[in-house]
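What follows is a short report on a single structure.
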C-alpha cells in the first residue's frame with residue numbers, strides 16, 4: 001500500500017497527466033509499471049495471508065480462551081463470523097463512498113494514502129494486542145500430513161482393512177494438533193484407513209512411527225474431513241458466478257437509466273453496489289440481534305439454524321435475485337422499445353435507476369446467509385489444525401467463481417452469435433434477461449447438487465475429555481452426547 005500510494009503521489013513514479021488530446025498522453029515507463037505491479041503483487045500476497053488467517057485466528061480466540069478458562073462451552077463462534085463479515089461490508093461501504101470521494105475530489109495520492117494509513121493503524125492495533133491473544137504453538141505443515149496419509153495408504157493399498165479398533169492411535173503424538181479433541185474413525189473413504197494399519201517396517205529405530213508409512217486415526221480423519229467438505233465448499237462457486245454480473249452488466253444497465261437524484265447530482269453507475277453492501281449489513285445485524293433469538297426458541301439450537309441450513313437459504317435467495325434481475329431487464333428493454341431508443345445505447349431511458357435496487361439488495365441478503373453459513377461450516381468441520389486452510393478454500397471459491405463467470409460470458413457470446421447476440425455492446429438490442437434466466441437455471445442445478453451433498457455428508461465426530469472417565473462425542477450438527485469409561489488406545 002505504501003508503494004501504491006507513492007506511485008500515485010510522486011510524479012517520478014507515474015506518467016504526467018494527459019493533455020486535451022489523447023495523442024498527447026505519455027506511456028508509463030517500464031520502471032513505473034514495475035513499481036505498480038510490485039505493489040499489486042505485494043497486496044495479493046498479503047491478502048492471501050491475512051484473509052484466511054484473520055477469520056480462523058479470531059474465532060480461535062473465543063473457543064480456546066473459553067476452554068482455558070474452564071468454561072466448557074465458549075462464546076458461540078457464529079457471533080464472531082457475523083461481526084467479521086459486518087466489519088468487512090462496512091469497510092466496503094466506506095471504500096465505495098468516502099474513499100472514492102477523496103480519490104475523485106482530492107486526488108489519488110490521498111485516495112490511496114487514506115487506506116494506507118488505515119492499514120498502518122490496523123497493524124499497530126494487531127501488534128499491541130499480542131500479549132492478550134491465545135496462541136497455539138506450530139504443529140507442522142498440515143499439507144505435509146495429508147500427503148503422508150495419502151502416501152501411506154497407497155503403499156498399503158493391497159493390505160486388507162481390519163476392524164477399526166485395531167487401527168493405530170497415538171494420543172501423545174496427536175496432542176499438539178488435537179487440543180480440542182481427537183477425530184474419531186468414520187466409515188467413509190475406507191481406502192485411507194490403510195494408512196493406520198501397522199505393518200513391518202512402519203516403526204523407526206527410535207520407536208516412533210515413520211509418518212510416510214504409518215498415520216494415526218486422527219491424521220487419517222483429517223484427510224477425510226478435508227475431502228468431505230470440498231463438494232459442499234464447491235457449491236459456493238456458482239453463487240460467486242451468479243453475482244459476477246453485478247460488477248459488469250448491471251452497471252451497464254444503470255448507465256442507460258435515469259440516475260438523477262437531484263438536479264445537480266447523478267448516482268454513479270458503480271455506486272449501485274452500495275445497495276448490496278447496505279442490505280448485507282442490515283441483514284447481518286437483524287440476523288444476529290433478532291432472528292437468531294427467534295429461531296433459537298423454535299429449534300433449540302444456540303445459533304438458531306445449522307450452518308448448512310443457513311447456506312441453503314442463501315443459495316435460494318440468490319436465485320430470487322437473478323430472477324428479479326431478469327424481470328427488470330425485460331421491463332428496461334420494453335421501455336427502450338416504447339421510447340424508440342433501441343439504437344441509442346448512450347441515451348437515458350425514461351426509467352429510474354432505482355428499479356435495479358431490488359436485485360442488488362436481494363443479493364446482499366443472500367450473501368449475509370451464504371457467506372457466513374459457509375464460513376461457519378468450514379471452521380466447524382475442518383480439522384482443528386487446518387482451519388486457516390479451510391478459510392483459504394472459502395476465498396478460493398471467489399477466484400474460481402469469478403473465472404467461471406468470465407467463461408460463462410465467453411460461451412454465451414460464442415453460442416448466440418448466429419441467433420441474436422444476448423450480450424452485445426448495445427444492451428438495448430441484446431437479450432440480457434435470457435442470460436439472467438440461464439444463471440437462474442445454473443443456480444437451481446447447484447441447489448439440487450448442494451442438497452445431495454448435504455444428504456450424504458458425514459459430520460466429523462470429535463472426542464473431547466470432559467473428566468477422568470467421561471467422554472463427549474460431538475457429531476458436528478449441534479448435538480452432544482456423553483459416554484463413560486474413556487476410550488481405547
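The backbone N, Cα and C atoms fix where each Cβ goes, and this holds for glycine too.
Copied over from TrEMBL:
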{"type": "TRANSMEM", "residues": "80-102", "note": "transmembrane segment"}
{"type": "TRANSMEM", "residues": "108-133", "note": "transmembrane segment"}
{"type": "TRANSMEM", "residues": "229-247", "note": "transmembrane segment"}
{"type": "TRANSMEM", "residues": "267-287", "note": "transmembrane segment"}
{"type": "TRANSMEM", "residues": "308-328", "note": "transmembrane segment"}
{"type": "TRANSMEM", "residues": "348-370", "note": "transmembrane segment"}
{"type": "TRANSMEM", "residues": "391-414", "note": "transmembrane segment"}
{"type": "TRANSMEM", "residues": "434-452", "note": "transmembrane segment"}
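Only sequence-distant pairs (6 or more apart) were considered; of these, fewer than three Cβ pairs between the transmembrane segment (308-328) and the transmembrane segment (391-414) are under 8 A, so the stretches are not in contact. Taking residue pairs at least 6 apart in sequence, the transmembrane segment (108-133) and the transmembrane segment (267-287) share fewer than three C-beta contacts under 8 angstroms. With a cut-off of 8 Å between Cβ atoms, the residues of this chain six or more beyond the transmembrane segment (391-414) that come close are 48, 51-53, 55-56, 229-230, 233-234, 236-241, 244-245, 374-375, 378-379, 421-423, 435, 438-439, 442. Long-range Cβ contacts of the transmembrane segment (434-452) within its own chain (Cβ-Cβ under 8 Å, at least 6 residues beyond either end) map to 232, 235, 238-239, 241-242, 245, 249, 311-312, 315-316, 318-319, 322-323, 325-326, 329, 408, 412, 422-423. Within the chain carrying the transmembrane segment (348-370), a Cβ under 8 angstroms from the stretch's Cβ atoms is held by residues 85, 236, 239, 243, 246, 250, 253-254, 256-259, 267, 269, 272-273, 275-281, 283-284, 287, 310-311, 313-315, 317-318, 320-322, 324-325, 328, 331-332, 335-336, 339, 341, all 6 or more beyond its ends.
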